[in-house]
Each structure stands twice: as C-alpha cells, then as structure tokens.
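Read the structure below first, then the notes.
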C-alpha cells in the first residue's frame, strides 16, 4: 500500500478507553497525568468518559458505551484522522462480549499508525516523550491511491 503523511498537532486528540476491571487503573493514571492531559482534546467510550470526567473534572467528549458501539465510533474517528493517540487499558485475561469490536479498534489504530498504550508502562512512556507536545509527522495509508487502484 502506498503511504502519505499527516501531521499530528501540538495539542493531540487522545482517546481514553478501559475495560471494566481496568477503569480504576485508568482513573488513577489519568489523575496522575491530569496536568498534561488538560492540554489536549480528550475522547472516550461512554462509561469510561463519564467516570473520568466526573472524577477529574476534565473535559471529555464521550462516545456511547464500548459494547453498544463506542469502540466503533472511536475507530471511525481514527480512520478520519481525528484521533492522534489512544490509551486503552484493556483486559487481556477476561473475554468481553464485544471482543470483535476491541480487536477492530486495535487493528484500525495500527492501520492508521497512531501510538497506542495498552498498559500503564506504555502510557507513561508516551506521556514522558517530548513528542507529546510537538507537531509530529506520521505515515498513514494513502487512501486516495488505494481507491484509485481498486476502481
């Protein structure tokens, strides 16, 4: 597939997602990183967004709940270039009813080459990177070329 680039802005669009057993862990991480997070635009699946907003006072645009389609809503935003990075504390030891949606969300994040943290250590690495508050050019699929090849 041919590639093109897009520029992530200085103020990133960050998706925050957590499975039920990991919501307390994400909440703790968000509280620890609140000062950095408030410089960015935050999105979340419904239940996670409601919890984080209520407990931290951060402005978060919440989708609907993940199992009801929120994972897919975030995936659509990623494919439109409207999400720059994702912090997704998922539960690798317990199946969830919407496992196919979870896999699709992680797949689409990989397709569109956005940074994804699936645990606290990786989230800390991302948030301690100087790139967090800089414009960053990333390679992404050239959808126009892809379309031209297929039609």
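From the backbone N, Cα and C atoms, a Cβ is placed for every residue, glycine too.
Swiss-Prot lists 71 with the feature active site, proton donor/acceptor. According to Swiss-Prot, the feature substrate binding site maps to 19, 23, 45, 46, 47, 48, 65, 66, 98. Residues or ranges marked as domain 'MGS-like' by Swiss-Prot on the basis of sequence analysis: 6-151.
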Let me know the DSSP-derived helix, strand or coil state of residue 47 (substrate binding site), please. helix
Listed in sequence order, the residues of the same chain lying six or more positions from residue 47 (substrate binding site) whose CB sits under 8 Å from its CB are 23, 65, 66
What number of additional C-beta atoms lies within 10 angstroms of the C-beta atom of residue 19 (substrate binding site)? 21
When a 10 Å sphere is centred on the Cβ of residue 45 (substrate binding site), how many other Cβ atoms does it contain? 28
So residue 98 (substrate binding site), by the Cβ count within 10 Å over all chains shown, scores 19
Three-state secondary structure, the residue listed as 'active site, proton donor/acceptor' (per DSSP): helix
Integer Å value for the Cα distance linking the residue listed as 'active site, proton donor/acceptor' with residue 45 (substrate binding site) is 7
Taking every residue in the domain 'MGS-like' (6-151), the average pLDDT works out to 96
Under the DSSP assignment, what numbers of helix, strand and coil residues are found in the domain 'MGS-like' (6-151)? 74 helix, 29 strand, 43 coil
Entry from the recorded positions list 65, 71 having the most other CB atoms no farther than 10 A: 71
